[in-house]
Ligand SMILES: *Cc1c(COP(=O)(O)O)cnc(C)c1O
C-alpha cells in the first residue's frame, strides 16, 4: 500500500446553477471517458474539421479561422488580444463588471493605450455612451463583453455593433456566457474576433475556448509591426495545426475535444433557436418562483440575461451561509456576488443542461427551505 494512503475520489453529484461550470449531459461525459487517439490521427483530424464546421454555425459566422483554443475562456481572451493588439494601440474597453476589467488589464499588459468606457456594475453599456466615446477617442480596437457574468447584464450588441462598424475600429467581443444561451451573430454584427468557453451555455466541462477571427483580423495579424508576444497563442502557428497544414504545434487536449464535439452536436440537434428559447423559458419560470419567494432581481429586466440571474440577498440574511446550506444540504451550487456586489447578490445560472424546468423547480424548493431556516 502507498504510504500516502489516499483513497480514490468519490466525486459528489452537484446541481450546478452558478456562473459556470454548468451541468454536462451524460453523452458528453461518455465521449470524454474514451481513450485518447493521437492528436494527428486521421480520425482526430476529421473530428477537428467537424468541430470547426459546427462552431461556425453556433457562432453564426463563415469565418474560416474558427476553432477551440486549448484553455479556458481567459485563454481565448488572451489569444484574441495578443494577436490583435500592438504596443501603443488605442484600445477602447467597455467595462460594466469583472470581465470587462479583465480585458482592460490584459490590454495594459500588452502595452496598449487603454481607454475605458465604464458604467456602474449592474448597468449596461448603451449606444449613446459608446457613440460619444468612439467620437472622442477614435480607437483602433473596441472590446466589449456580451454577457457580463459578474452582474447578469447583457450589453445590447445589436445596437452597439453598427456604431463600431461605422467607426472602422476592429471589434473584439467576449461571448463566453452568451454563446449557446442567447442569440449571437458574429457576422451580422461585424465582429472581427470573438472568444467563448465550453463550460457555460455550451454545456461541456471547462478546458476549451472556442474562438473565431474574421478575414480582416487575420490581415491585421499579418501586417503587425511587432512580433506576436506569445508562442502558445500565436494564431499563425495555431492556424498551421487547425488549418489544413496539420503541423504539430501543441498536443490538443483530445478528450476535451471529444466532449466539445458532442456538445456542439447536441446544440445543433436541438436547434439554436430552440435552445435560446429553452434558456428563456427557464428564466421565466425562475422569475415567477423568485417573486413568489419575495426575492428581487438586481438587474433591470430589459437588459437581464436569462442564463445568469443576479438576485438580491434579502435584508438581514447571511449570503454565504445560505449559499453554503444549499450546497451542503441540497447539493446545489449557486454563485456569490463579486467585487462591489460581494454579500449583496446571488448569481443563479441557468446554463445548458441547467436551463430546464426541473432544475429550476429543484432550486426554488431548496431555496425556500434555506430561506426559512
Ligand atoms: C467565465 C468568463 C470568462 C473567463 O472564462 P474562464 O473559463 O473562467 O477562464 C470571461 N468572460 C466572461 C464573460 C465569463 O463569464
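Just so it is clear, glycine is given a Cβ too, placed from its N, Cα and C backbone atoms.
All TrEMBL annotations are machine predictions without curation.
The substrate binding site annotation in TrEMBL covers 347. Look at TrEMBL and you will find 37-337 tagged as domain 'Aminotransferase class V'. Among the features that TrEMBL reports, N6-(pyridoxal phosphate)lysine is placed at 200.
For the recorded positions 200, 347, counting C-beta atoms within 10 A of each C-beta gives the highest total at 200. In the predicted model, residues of the domain 'Aminotransferase class V' (37-337) average a pLDDT of 98.
Across the structure, residue 200 (N6-(pyridoxal phosphate)lysine) and the residue listed as 'substrate binding site' place their CA atoms 13 angstrom apart. In three-state terms derived from DSSP, residue 347 (substrate binding site) belongs to an extended strand segment.
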